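Engineer: Please find one structure pasted underneath; my questions will follow.
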Amino acid sequence: MSIPYDESLIWIVVVGFIVAFILAFGIGANDVANSFGTSVGAGVLTIFQACILATFFEIAGAVLIGYKVSDTVRKGILDVSLYEGHEKELMIGLMSSLAGSGIWLLLATAFRLPISGTHSIVGATVGFSLVCKGTAGVKWIALVHIAASWFASPVLSGFVSFVIFWILKTFVLQSNKPFEQGLLLMLDQMPWWGSLIAALLLGSLVALIVHVFVVPWQNRRILLVSRDNAEKAATTTTHFGACQDQKETTVLSVISEGPCSDSSSNGNAKSELTVVPQLRGNSSESPLLMSTQVDAENAEADAGVDEEQPEVSRLFAFLQVLTAAFGSFAHGGNDVSNAIGPLIGLWAVYAEGSARQEAGTPLLILLYGGLGIAAGLWVWGRRVIRTLGQDLARITPTTGFAIEVGAAVTVLLASKIGLPVSTTHCKVGSVVCVGWASRGGEGVSWRLFRNIAFAWLITVPVAGCLSAGCMAIFRQTMIFAQKCLRFKAYFRQEVLNSPHEHYRLRHVNIIYYLEDDTLCVIEPVVDNAGFQQGKLVRRDRVRKSAKGDLFIWKDFNVGIDACIYGTVYHIVDCDPFTKEFLTSQGIDVGERESLPVDPYTEQRNIKSTTTPTTTIIDDPRRRFLQYDGMVLSFDATWNGDRYRVMYFPTDDTVAIGEIHERNDGKDPVPMLLRRTRVPKDWKNLPARHPSIYMEYGDPEVVEYCTPRDFRLGETILLFGRSFLLHDCDAFTRKYYSDVLGTPQPSAVPLPTRAERPAPRHDVPPHIKFGSPEDTYASCLSFLPRAPRKNVIRQLANFPKKLRYSARMDAAHPEDEHRDFVLEYNLSDGAVRINEIEKRNSGRHEGCFLSSRRVPKPGTGRDDPEYYTPRDFFIGARIDVFNHRFIITGADLFVYRYVEANRDKFCQEVRENLRNYFLQQGMLRDDVDVEAGKKQAEDERKLLANAKALEDDVDVNACTGEKFRTAPVVEN
């Protein structure tokens with residue numbers, strides 16, 4: 001049992017769908033002629049009309065009743081239990097049956113032979129099964145029943161059609177009033193009790209519609225056509241060298257009763273021309289001509305046959321279309337299995353992973369087959385339609401009606417019981433029987449029937465042979481696909497100019513691919529081999545001699561030498577599959593040999609086992625390569641301060657860094673001890689900084705600190721300073737546990753210290769000397785300096801800014817579409833302008849004007865007038881050093897500021913901003929106004945406090961003399 005939806009089998013499913021569509025195409029091109037061939041031959045339908053009706057009814061029959069026969073084709077002929085565990089072989093066999101049947105159908109269609117699609121698919125199924133499993137893979141009893149139906153179906157269909165035609169001929173065609181007798185078939189003169197029985201059997205609605213609407217309409221239409229024909233029709237008999245195709249197919253004209261010859265003067269076949277009334281639009285004023293070619297060998301038979309009346313022909317034309325659609329529906333339900341049955345089996349095996357195919361028939365696949373049949377009909381179906389509807393026998397609407405009903409009844413009954421009969425057999429049998437009954441033995445083209453029968457006889461063996469050939473090819477490909485022969489071998493390589501070795505024995509694997517007869521040579525990896533290894537010979541077809549002969553699988557065996565590109569490989573062994581394959585092909589596999597040992601490799605192995613190895617801890621070079629960039633990090637304390645002790649395993653050095661806390665009052669020195677080796681103790685030296693003991697010369701060091709000296713919870717002495725180790729990082733713990741084998745204990749908790757509060761810069765009180773601005777200015781910097789103007793304004797408005805969007809009023813075309821952000825600093829009245837970057841503009845975003853006060857144009861240099869917030873509103877033009885800007889927008893803070901300081905802004909400015917934000921949908925009056933009022937109230941309180949401090953002292957009364965003689969107030 002395979003895996004459901006195995007990806008390795010998806011290619012079979014894809015190819016199967018493609019081949020099934022081609023097969024359905026062939027069935028549509030060949031078998032659909034069975035349904036509408038007689039209608040086209042009788043002139044009731046054109047080929048275009050027949051294709052439209054056949055497309056609809058073929059697809060409907062395939063979807064609605066096609067599942068029964070599909071189950072018989074895919075499971076009734078084969079013994080699928082034999083393929084358990086060999087699902088891939090079954091899938092390839094079903095694909096082969098589709099391919100073989102499709103090839104034969106297309107060939108027969110090319111020669112205009114109406115063969116049986118059922119014969120083709122059954123023969124193809126048996127053909128691939130004989131290749132795979134022999135005679136045991138076929139259910140012969142079921143096959144005999146199916147084959148018997150092939151011979152019984154044409155006889156039964158012909159008998160039914162003969163009976164129907166005999167009834168029509170006896171009671172309708174040969175009666176005194178054939179038209180009135182024909183109308184009885186359409187329920188015209190049916191008594192009330194007959195209508196009641198028909199209503200009970202067929203449905204009261206259908207009977208009422210036919211009785212009330214269809215029959216009177218048909219009666220009036222047929223009488224009208226008959227009256228027009230009697231007035232305008234004229235008959236002319238002439239001879240043409242070749243028969244011309246006409247679009248008009250109406251056969252209701254009056255047949256000429258005049259004498260006619262068997263052939264023309266030049267020996268060509270006779271043609272009868274009938275003038276047909278102009279029922280459709282015609283580019284010519286002359287009446288239309290309809291040519292009916294009469295076969296020379298049927299001329300005598302035609303002369304003695306009573307022709308049908310036009311009214312009767314018109315009546316049965318509608319019945320023939322109905323029965324043709326009925327037959328097309330039955331054909332779609334029966335013959336769609338020929339194309340879709342194996343495809344459904346293939347899909348079921350792929351989806352279920354089992355050969356039992358327990359799932360039902362998917363409707364989408366049936367629809368797929370119906371579409372393929374319709375495509376074949378449209379592209380190539382008219383060839384066989386002419387053969388079956390015109391060449392085999394002469395067909396009239398009445399005979400066509402009998403043929404269609406007899407064949408359709410036979411096929412539909414077979415579809416319901418699940419028996420794959422041949423639609424072609426049924427239709428040809430009906431055509432032959434009805435043609436013989438209507439015109440005798442000469443009413444049928446026995447020569448064409450002989451060719452058709454011969455094609456029937458060879459269909460099963462030819463389709464079986466084609467399917468068997470496809471299966472043999474696919475099976476061979478399947479067996480050898482992704483299969484290879486694997487041999488173990490070695491070759492000897494000479495080593496020159498070496499005192500330790502003279503040759504090397506190199507072990508290789510020779511892999512031979514059966515699917516394309518290529519091979520490659522691969523050398524397994526050997527440690528310290530000293531030469532390049534891997535693929536020595538890339539996969540390719542290799543010549544084995546100068547004559548051009550290529551290596552094949554028969555050239556390899558155990559115990560032989562193979563010369564590949566000048567190197568002689570001695571084969572010593574093969575894998576089990578290779579041995580089994582060679583044995584199955586009748587080749588004796590040689591005795592297995594052992595691979596010789598390479599002397600150089602053996603010598604190195606002996607040397608490595610006798611040479612003592614150095615651990616990574618004792619080997620400085622290995623340790624450096626292993627631990628370069630890695631640090632053992634410990635958190636430690638000394639004198640209440642925190643440090644980070646870092647040990648470097650690469651060279652056993654130690655570094656100590658300080659951990660600074662906020663407001664700890666220490667200088668930001670990054671390292672307490674730079675990276676160096678730390679001795680455990682030294683003689684005659686006090687415990688001091690290492691830079692001190694270096695001045696005394698080289699001390700007598702006994703040993704240095706190692707990673708084992710660092711343990712959490714213990715104190716380590718580093719240059720006389722006792723560091724308590726209380727924690728370490730994750731890498732340090734992993735190093736101690738994995739490398740040293742001594743895990744570190746858990747972290748030691750330290751007492752927490754209260755965080756030192758950050759200093760706050762409060763506004764200093766008034767010092768009673770000078771102006772209040774002198775006191776306020778002392779808080780702006782650490783060093784006293786001259787106070788700036790408007791310090792109160794700076795303290796009250798910092799860092800508030802009014803932001804506007806602006807665009808340049810360009811004087812040059814290159815400055816158009818430049819957008820800017822204008823900021824007005826309320827603390828000092830400075831203006832800053834930044835340009836917004838745009839893609840592909842050639843300009844970068846950034847500062848257009850640095851923060852500075854901007855004078856208004858036209859003011860003097862000695863006493864300039866600067867821009868104020870009252871000058872900025874939507875639509876205002878601002879001139880900044882000869883660059884003109886137009887204000888186009890503002891942020892919401894501008895509106896709040898203006899509303900909070902109504903006394904500073906005029907009504908026009910406030911309304912201008914208010915209308916702008918209302919249009920933008922950004923304004924919420926209650927919230928924004930209240931926020932502005934609260935902000936203004938806070939600013940007023942701050943300014944009031946500042947003015948109160950200013951009123952406490954009389955600045956003008958404090959002269960220099962008083963300042964010098966003023967008493968000093970001590971706190």
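In case you wondered, yes, glycine gets a Cβ from its N, Cα and C as well.
Residues or ranges marked as transmembrane segment by TrEMBL: 9-27, 47-69, 90-107, 143-168, 192-217, 363-381, 453-474. What TrEMBL lists as domain 'DM10' is 481-586, 628-740, 798-902. The region 'Disordered' feature in TrEMBL is assigned to 747-767. Residues or ranges marked as compositional bias 'Basic and acidic residues' in TrEMBL: 753-765.
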Engineer: Sort out the residues at least 6 away from either end of the transmembrane segment (453-474), same chain, that have Cβ-Cβ distances under 8 Å to it, and list them.
Structural biologist: 92-93, 95-97, 99-101, 103-104, 108, 113-116, 119-128, 130-132, 424-425
Engineer: Below 8 Å between Cβ atoms, which of the listed ranges 9-27, 143-168, 363-381 makes the most pairs with the transmembrane segment (90-107)?
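Structural biologist: Looking at each of 9-27, 143-168, 363-381 in turn, the most contacts to the transmembrane segment (90-107) are made by 9-27.
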Engineer: What are the DSSP helix/strand/coil residue counts across the domain 'DM10' (481-586)?
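Structural biologist: So the counts come to 12 helix, 49 strand, 45 coil.
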Engineer: Summarise the domain 'DM10' (628-740) by DSSP state, stating how many residues are helix, strand and coil.
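Structural biologist: Each residue of the domain 'DM10' (628-740) counted once, the result is 21 helix, 41 strand, 51 coil.
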Engineer: For the domain 'DM10' (481-586), what's the model's average pLDDT?
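Structural biologist: Computed over the domain 'DM10' (481-586), the mean pLDDT is 88 on the 0 to 100 scale.
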Engineer: By DSSP assignment, list the helix, strand and coil residue numbers for the domain 'DM10' (798-902), in that order.
Structural biologist: 16 helix, 41 strand, 48 coil
